[in-house]
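Asker: Below, the features straight out of TrEMBL:
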type	residues	note
TRANSMEM	151-171	transmembrane segment
TRANSMEM	177-196	transmembrane segment
TRANSMEM	234-253	transmembrane segment
TRANSMEM	265-283	transmembrane segment
TRANSMEM	334-351	transmembrane segment
TRANSMEM	397-418	transmembrane segment
TRANSMEM	424-443	transmembrane segment
Amino acid sequence: MPWEAVRARDGAFRIPRVSIPAHPPGSDHLWLAAHPRGVRADSAPGGHAWGRRVPESGWGSCPLLTLPGEETVPEPRLPLLDRQSTHWKNAVGFWLLGLCNNFSYVVMLSAAHDILSHERTSGNQSHVDPSPTPIPHNSSSRFDCNSVSTAAVLLADILPTLVIKLLAPIGLHLLPYSPRVLVSGICAAGSFVLVASSHSVGTSLCGVVLASISSGLGEVTFLSLTAFYPRAVISWWSSGTGGAGLLGALSYLGLTQAGLSPQHTLLSMLGIPAVLLASYFLLLTSPEPQDPGGEEEAESAARQPLIGTEAPESKPGSGSSLSFQERWTVFKGLLWYIVPLVMVYFAEYFINQGLFELLFFRNTPLSHAQQYRWYQMLYQAGVFASRSSLRCCRIRFTWALALLQCLNLVFLLADVWFGFLPSIYFVFLIVLYEGLLGGAAYVNTFHNIALETSDEHREFAMAATCISDTLGISLSGLLALPLHDFLCQLS
């Protein structure tokens, strides 16, 4: 009977291929050596038992009985080191993809006030006064309003993404991943160049649209790509997108505070699309079939599956062969997570692009533009912290986060109307808390879906759920525009 390699999840040892008589002397010892404690007979191809982990001591680490004429060579630890290297390459790769993919989107929202107020320098001047005197655009209003709400920039930054995500579950899977990533990187670079060289709001908004195409196409592509890798990469991707918010808003704030003009600030960020392309084409390893196993397997098995199915599981990537009826069934099961995520993003972006501009405090040395940038930076700091918290805090019921975010919206809308908060620092704390709720809703939603969908459905489920945040943001932008016009007409 031929003996092949006996392989464990986090380590491996090899038994040389030898022929053994029916009842060799000491066969009991051979059997015990080849079957370490904790084996699972149903987890290995061909019926061979796998152990979860080869022990450091005991039977699993003892030298196997050497037969005459055969030499037993213990397997080196290279496979374990290779797996660890692959794990970290993919982890860093998805973190960088999340960072670079959302970077242009965040920067455009941070620059929204500057785009609409034309804070441009003339000629070859490369610096601006970091503390300009605020000049009200509407002297008859108690608010310092731009003629157009920053929600206009939000809509230009999100509507193309909404279109992409609506079409993605239908036919985007027909386009290979590499061309999608390439288009995403080119659009991101084009957005920085176009907005930086623009001399009109219309041209700037076209650059914002390019950033939206880049972000939307990238998000649906990379979230679908996670179906081919261990579930842990979802946490790294989410942390990277949170890092994009923090680093994007902080870099724009810091460079403009240091005196660099908005145009030169945007041009200095052209290296980000290059990092995105390098992360995908050079850093990520080729995906391999994944066995959940370990802690994640136990957690998944303890839950009811999100989508019940009697069909045998297939490998990730078979989502493209799902029928329309199967896709509709999967989508209905996803509504438990899609609806609260839509509510969370509606509330927080109604605050960000509808109320931030109106939460203007005159009893502070910060100009209106600087206050707006600080709001954006603190919000993104909260998002980054919570999107990176999956390993220490997991939330099953995301409906609670949606309710808390809606309460934030009501509270800040009341302050805009009545003006009862005495200091901008109270708003700073609320904005930071708002970001924590939004980031937690995002990462826990996708993590729960990854646990509760079968392999054959996961790629489609990830792509379909991408629409949640975009739909909520789009609705908030549409409602923030008339609210801005109404409030700015108040004397």
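Each residue, glycine too, has its Cβ placed from N, Cα and C.
Explain the structural surroundings of these features, please.
Answerer: Listed by sequence, the residues of this chain that lie at least six past the ends of the transmembrane segment (151-171) yet keep a Cβ under 8 A from its Cβ atoms are 105, 108-109, 111-112, 115-116, 205, 208-209, 211-213, 215-217, 219-220, 224, 327, 331, 349, 352-354, 460, 463-464, 466-467, 470-471, 473-474, 476-478, 480-481, 484.
Only residues 6 or more beyond the boundaries of the transmembrane segment (234-253), in the same chain, are considered here, and those with a CB under 8 A from a CB of the stretch are 90-92, 94-107, 110-111, 219, 222-223, 226, 265, 269, 373-374, 376-377, 379-381, 383-388, 390-391, 435, 439, 442-443, 446-447, 450.
Same-chain residues lying 6+ beyond the ends of the transmembrane segment (334-351) with a Cβ under 8 Å from its Cβ atoms: 154, 306, 379, 398-399, 401-402, 405-406, 408-409, 412, 431, 434-435, 437-438, 441-442, 445, 448-449, 461, 464-465, 467-473, 475-477, 479-480.
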Asker: Any residues 6+ beyond the ends of the transmembrane segment (424-443) with a Cβ under 8 Å from its own?
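Answerer: Contacts of the transmembrane segment (424-443) (Cβ under 8 Å, skipping residues fewer than 6 from its ends): 234-235, 238-239, 241-242, 245, 340-341, 344-345, 348, 351, 356, 359, 361, 364, 366, 371, 374-375, 378-387, 389-390, 393, 395, 398, 401-402, 404-405, 408, 411-412, 415, 469.
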